[in-house]
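Input: a single structure, listed below in structure tokens.
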Amino acid sequence: MARLGALVCCLLAAWHCRPGLGLPLAPAGTGPAVGQFWHVTDFHLDPTYHITGDHTKVCASSKGAEASDPGPFGDVMCDSPYRLIFSALDFIKNSGQKVSFMIWTGDSPPHVPVLELSTDKVINVTANITTTIQRLFPNLQVFPALGNHDYWPQDQLPVVNSKVYNAVANLWKPWLTEDAITTLRKGGFYTQKVSNNPKLRIISLNTNLYYGPNSVTLNQTDPANQFEWLENTLNISQQNKEKVYIIAHVPVGYLPYARGISAMRKYHNEKLIDIFRKYSDIIAGQFYGHTHRDSIMVLSDKKGKPVNSLFVAPAVTPVRSVLERLTNNPGVRLFQYDPRDYKLLDMLQYYLNLTDANLKGESNWKLEYNLTQAYDIQDLQPKSLYKLAKQFAIQESKQFIKYYKYFFVSYDSSVICQGKCKIFQICAIMNLDVISYTDCFRQYHMKHRL
């Protein structure tokens, strides 16, 4: 693999285009100003990406498969060229949106065979993206979370201090306090209050410790004592009357495109769900990446009352495997919240039509949808999302057809999700623990004899 730093510098120097601006949403009414923050995830930079006549050699991340239709902003068989990542961040910079902070939920390196990377190469990729963000947003507070690819070998994030943990702690020092840096070095997680929102706390979890492929943490009930730390942190926040946003890479709950598969080990998923239910009165939102798709989840308590809203953001990378027919257009998103109590009010999803951008040779990031307007709901509170999910479950639901289009970031609106496909989605949206999830499938089986 070519030297990552040199190639990135070369790509940056070659950049001349400016992305088109999306449609900013001005706060309405005479109430207090609406708070805003950006969420970006899964950049997956592939520095080997280049245009060549041999489509099997366009990028290392295609693993020898032919690129589909490679252009300046990438290809669906490849991870992101630097130009795509820069266009996303430059769009954010020039969008006209005033924000308090940004969350970045991990995965900077490409999907390549393990021997094509190393600890130093992984750190170098993370450093390249970190310095790009810091250069474009010198005065913006950014809260990162580590992804399963932000380590080498991938997925094997440890429970003790490591070279990667030390490296990201040093890279992210401009954004974080000394206390946050200390726990980041120890276990890859941290907490910190938002500087201009004194009663809002960010908790950045290292959920990669619970990820199935992580053999380092196999059979450990509380890797790196993160559960104990999380409960202590939430307990103190509760006493101090703070609100909390949870950010992480690997999400809780079940994957919406397969039956019975949770993104993390079931024991750890159940433990996290128990903690989130216990402190749902102060957790004002949860934000994840990892799946590359756009999805929502609603956490209910054991009596079935919706108590938490969860959002999985789509990736910037458009990559798909040879076994997949569909993928996502690149996306970034903007959340709006009430600055008085930090309740989530709305979300604006922006995207880049990759085919169009490659044809025109310039990026034109656009507003894909505004969540409350698209679904005619009041806000992003658990009650509103739960009601929306109930509408999704209706047969021939136009709302669900729209949701599934957005699931792939408007990559292919002709695809229909029905039958088992729809059941997978509905059960995953509304049921995050094993008992309710299993019961969801049982009810559908009895009703539809599937």
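Glycine too: its Cβ is placed from the backbone N, Cα and C atoms.
Annotation comment: Swiss-Prot describes 1-22 as signal peptide.
The C-beta environment of His292 (Zn(2+) 1 binding site), restricted to residues of the same chain at least 6 apart in sequence and closer than 8 Å, consists of Asp42, Pro314, Ala315, Thr317, Val319, Thr327, Asn328. Among the features that Swiss-Prot reports, Zn(2+) 1 binding site is placed at Asp42, His44, Asp107, His292.
Note: Cys78 (disulfide bond) has non-local neighbours Asp46, Tyr49, Val58, Cys59, Ser61, Ser62, Ala67, Pro70, Pro318, Val319, i.e. same-chain residues 6+ apart with C-beta under 8 A of its own C-beta. The disulfide bond feature in Swiss-Prot is assigned to Cys59-Cys78 (among others).
Per Swiss-Prot, the feature Zn(2+) 2 binding site maps to Asp107, Asn148, His249, His290. Around the Cβ of Asp107 (Zn(2+) 1 binding site), 30 further Cβ atoms fall within 10 Å across all displayed protein chains. Look at Asp107 (Zn(2+) 1 binding site): DSSP puts it in coil.
According to Swiss-Prot, the feature ATP binding site maps to His111, Asn148, His149. DSSP assigns Asn148 (Zn(2+) 2 binding site) to coil, not to a helix or a strand. Asn148 (Zn(2+) 2 binding site) is surrounded by 22 other CB atoms, counting those within 10 A of its CB over all protein chains shown.
Residues annotated as N-linked glycosylation site in Swiss-Prot: Asn124 (among others). In the three-state DSSP assignment, the secondary structure recorded for Asn124 (N-linked glycosylation site) is helix.
Asn128 (N-linked glycosylation site) has a Cβ environment of 23 other Cβ atoms inside 10 Å. Summarising the annotation, Swiss-Prot assigns N-linked glycosylation site to Asn128 (among others) and lists sequence analysis as the type of evidence.
The N-linked glycosylation site annotation in Swiss-Prot covers Asn219 (among others). DSSP assigns Asn219 (N-linked glycosylation site) to coil in the three-state reduction, placing it in neither a helix nor a strand.
In sequence order, Tyr279 constitute the residues six or more apart from Asn235 (N-linked glycosylation site) in its chain with CB-CB distances below 8 Å. As annotated by Swiss-Prot, N-linked glycosylation site applies to Asn235 (among others), with the evidence given as sequence analysis.
Feature annotation from Swiss-Prot assigns N-linked glycosylation site to Asn353 (among others). In sequence order, Asn329, Asn364, Lys366, Ser410 constitute the residues six or more apart from Asn353 (N-linked glycosylation site) in its chain with CB-CB distances below 8 Å.
The N-linked glycosylation site feature in Swiss-Prot is assigned to Asn370 (among others). Asn370 (N-linked glycosylation site) counts 16 other C-beta atoms within 10 Å of its own C-beta, drawing on all protein chains shown.
Long-range neighbours of Cys417 (disulfide bond) (same chain, six or more residues apart, CB within less than 8 Å of its CB): Phe400, Tyr404, Phe407, Gln425. Look at Cys417 (disulfide bond): DSSP puts it in coil. Among the features that Swiss-Prot reports, disulfide bond is placed at Cys417-Cys421 (among others).
The feature disulfide bond is assigned by Swiss-Prot to Cys427-Cys440 (among others), with similarity to another entry given as support. Cβ neighbour count for Cys427 (disulfide bond): 23 (other Cβ atoms within 10 Å of its Cβ, all protein chains included). Secondary structure at Cys427 (disulfide bond), as computed by DSSP, is helix.
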Proximal residue to His290 (Zn(2+) 2 binding site) among recorded positions His111, His149, Cys427 (C-alpha distance):
His149
In the three-state scheme derived from DSSP, which category covers Asn370 (N-linked glycosylation site)?
strand
Using the alpha carbons only, what distance in Å do you get between His149 (ATP binding site) and Cys421 (disulfide bond) once rounded?
28
Work through the binding-site residues one by one (His44, Asp107, Asn148, His249) and name whichever has its CA nearest to the CA of Cys421 (disulfide bond).
His249
If one looks at the chain holding Cys440 (disulfide bond), which residues at least 6 apart in sequence have a CB under 8 angstroms from its CB?
Ile423, Ile426, Cys427, Met430, Asn431
Integer Å distance between the CA atoms belonging to His249 (Zn(2+) 2 binding site) and Asn219 (N-linked glycosylation site):
21
